[in-house]
């Protein structure tokens, strides 16, 4: 049987460009293991910081280096052209994190190309990327979550007459400490923990540099636990894992620096709580109409034995430090089998004519 060509898409214009490269390198390694080389021919496609797609030869150099390489100046018109090898792809494996990668825009392009691809479609990707939209869906689905307030960049940068009133509104609804986040960035980019009015104002200004939609969440004393989901209409949940860290919160540096945080799989929590988290993870996955892959993050409030959903990530990281592949490893699905299953779920999710 002829091997199927899988296009590995990585890089992109977002602040998570470097994380995407590391994830792609790990995925490429998994495709070279077990019987995957007999089933798939992997072709990498690197999208540079200018949004230009590069052919497999240059893309492989980026994968090998594990970081962005200086590339020759390309005609700007080529930004709208696919590399010659692109039309031959049977299925795409996008691992472009952040805006224009996991927010439905790239998924829309792949849909127009009429090719199967790993992960959620436009709806699930868009709702899963925007934390405000996500929380509205969670609320509609009856999923318990922390209190929050949505803010627009225009309110933050409105001047001395309006901005203080915005902060007053936030303080009236939430107690310190709070977390201020851009609504559409992952990997903890642009997030601040605030304890005072002055810190709140500065954090809002910082978050507004990254996004026009912001979210302020109430702080909660809880353990951070995560559950991976795999599948389409009958998704399965992995064992539950826990993230432990010594820093004030799980920021970008803590997340991607060796020794800054540790994973505990399975999490040392009561069996009934673990089962509840698995059920809630699947419920969240289905509420957003996710496909193939997602990681769902929760707060486990030990004092009250309650579980609050934090967020869903429809395109979680695949680096050596990433929770998603490790959760499945501990659930009996090694990395090479995981990428194989994801491609198979993508192939089966093609509408029948």
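The first residue you see is number 1, and the count goes up from there.
Glycine residues also receive a Cβ, built from the backbone N, Cα and C atoms like all the rest.
Among the features that Swiss-Prot reports, domain 'ATP-grasp' is placed at 135-344.
Within 10 Å of the C-beta of residue 178 (ATP binding site) there are 25 other C-beta atoms, taking all protein chains into account. As annotated by Swiss-Prot, ATP binding site applies to 171-226, with the evidence given as sequence analysis.
Swiss-Prot lists 297, 311 with the feature Mg(2+) 1 binding site. In the three-state DSSP assignment, the secondary structure recorded for residue 311 (Mg(2+) 1 binding site) is strand.
Other C-beta atoms found within 10 angstroms of the C-beta of residue 311 (Mg(2+) 1 binding site) number 18, with every protein chain shown included. Marked as Mg(2+) 2 binding site by Swiss-Prot on the basis of sequence analysis: 311, 313.
Cα to Cα, residue 178 (ATP binding site) and residue 297 (Mg(2+) 1 binding site) are separated by 18 Å. The number of other CB atoms found within 10 A of the CB of residue 297 (Mg(2+) 1 binding site), across every protein chain shown, is 19. In sequence order, 297 are the binding-site residues from 171, 192, 199, 213, 297 with a C-alpha within 10 Å of the C-alpha of residue 313 (Mg(2+) 2 binding site). Spatially close to residue 171 (ATP binding site) yet at least six residues away along the chain are 197, 200, judged by Cβ distances under 8 angstroms. Taking a C-beta cut-off of under 8 angstroms and a sequence separation of 6 or more, residue 206 (ATP binding site) has the following same-chain neighbours: 180, 190, 192.
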